[in-house]
Amino acid sequence: VMSSSSSSLLEMEIFQYIDAHQSDFIKDLKEWVAVESDSVQPHLRKEVMRMMALAADRLAALGATVNLVNLGSHQLPDGQVLPLPSVILGEMGKDPQNPTVCFYGHVDVQPAKKEDGWNTDPYTLTEIDGVHLFIRNLYGRGATDNKGPVLAWINAVETFRALKLAMPVNFKFVIEGMEEAGSLGLEKLLEEENQRFFSDVDYIVISDNLWLSNKKPALIYGSRGNACFFVECGSKDLHSGTFGGIIHEPLLDLIALLDSLVDSTGHIQIPGIYDSVAALTEEERKLYESIEFDLEEHRKNCGVKKFLYGTKEEILLHLWRYPSLSIHGIEGAFHEQGIKTVIPAKVIGKFSIRQVPHMDLSVVKKQVVEHLEGVFSKRNSPNKLKVSMPLGAKPWLADVNNLLYKAARRAIKTVFGEDPDFIRDGSTIPVARMFQTVTQKSVMMLPIGAADDGEHSQNEKISRHNYIEGTKLFAAFFLEISKLH
């Protein structure tokens, strides 16, 4: 084990190299952002393939062994069959004395067009001064989600090689090109490779999220699941002049059902839904107190007049560790401009429940069905009720006291000079849960993007500061995990 002085000299040498090569790292990102690797739109699939080849070449140039695994094809709703992009399985180093860290990232992006409201061309990485003069932002689709973080990790590995330093850990890489379209085929691949590629992996790191604040680093240790529901009421289309007032209208039934789900304070009214939510421990409550979170800034970002809760703790608890229910829409109802005096025959209400640890998907489904059937039976309607759950993703939770989080916390302190916020994500991160369930290894989310990076929206960016300091963070993390392991 290195002494702390030689270890900090080593860090200094690494950080100086990263600072000196900033423009090279930004040039790499510019080249990657220029590829329109949009996995959502079929006509751009060949660009995703080109991006996968580019990423594979970059890893091979590092000296990694790269295997592009063919996942076959998939069929679109319109019958069109498209090839799935290959998944990169890369590895570098096989020292049995070293821990093996597997990095997951994706190089596909969300759709983007200049006319959607971008100030610059989304596929030309553009550097512009931020609101604060000392912050320069790199604007472009994929800059933060997820091309920037993937390159930052690769550049951190590259730094050790360039300085001819011994690799502190063995590296493995899983890089895909379908994350924005639901990671098709990934879970099957993980299951097939579990006894081979993942057999000697100790830790899995994902960097595909953002901090909670614009300035303070964060570590993510949990995310909510998501259960989507369709509730269908129906008979046949009728004219309101001929039948209005004498029949049970499906849309009225549906609105009564949807109205029974949540009250005006945001509380879910389905009996038993909160029964298995994990109790809040004192240790966990303390994590919430120290989190840097500006309610007013968050309110402005959301564009709302007020929140359901008045304190930082209450807001974060209800965003991360309590379930929520949202209503998304009604299919089959007339929704165009003007008026059409039809009584819609069949309407489908769509809502979802973000569920949290210890809530069981099958129990949630049963509770929802029983509740809706109970409300419906009281209406004595002859219409047919059908409740289905087309999609269910489970929540994910990691142990913040394990080695992975300890190493990351130390690395953040080294690079940013402060302890990170320990945060959870209110949305669903299927890939974290997928890796943990399939491989049974420790999984950590180590973001380098700031809260205002605008992933998925117009003017997505990563700041030069976060991109370069994020590269240092990954390098420092390699050293810390090798010390602790």
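Every residue gets a Cβ built from N, Cα and C, even glycine.
Annotation source TrEMBL lists active site at Asp108.
For Glu179 (active site, proton acceptor), applying a Cβ distance below 8 Å and a minimum sequence separation of six or more within one chain yields Ser39, His106, Asp108, Asn146, Asp208, Val431. The active site, proton acceptor annotation in TrEMBL covers Glu179.
Feature annotation from TrEMBL assigns Mn(2+) 2 binding site to His106, Asp145, Asp208.
Annotation source TrEMBL lists Mn(2+) 1 binding site at Asp145, Glu180, His456. Glu180 (Mn(2+) 1 binding site) counts 20 other C-beta atoms within 10 Å of its own C-beta, drawing on all protein chains shown.
Per TrEMBL, domain 'Peptidase M20 dimerisation' is recorded for 221-375.
According to TrEMBL, the feature site 'Important for catalytic activity' maps to His239. For His239 (site 'Important for catalytic activity'), the number of other Cβ atoms no farther than 10 Å from its own Cβ, over all displayed protein chains, is 10.
Listed in chain order, the extra residues whose Cβ falls within 8 Å of the Cβ center of the Mn(2+) 1 site residues Asp145, Glu180, His456 are Val109, Gln110, Gly142, Asn146, Glu179, Glu455, Glu460. Take the binding-site residues His106, His456: by the count of other Cβ atoms within 10 Å of each Cβ, the lowest one is His456.
Counting only the Cα atoms, the space from Asp145 (Mn(2+) 2 binding site) to His456 (Mn(2+) 1 binding site) is about 8 angstrom.
Taking the centroid of the Cβ atoms of His106, Asp145, Asp208 as the Mn(2+) 2 site, the other same-chain residues with Cβ within 8 Å of it are Gly105, Asn146, Pro149, Val150, Glu179, Glu180, Glu455. Ranking the recorded positions Asp108, Asp145 by how many other Cβ atoms lie within 10 angstroms of each Cβ puts Asp145 at the bottom. For His239 (site 'Important for catalytic activity') paired with Glu180 (Mn(2+) 1 binding site), the C-alpha to C-alpha distance reads 42 Å.
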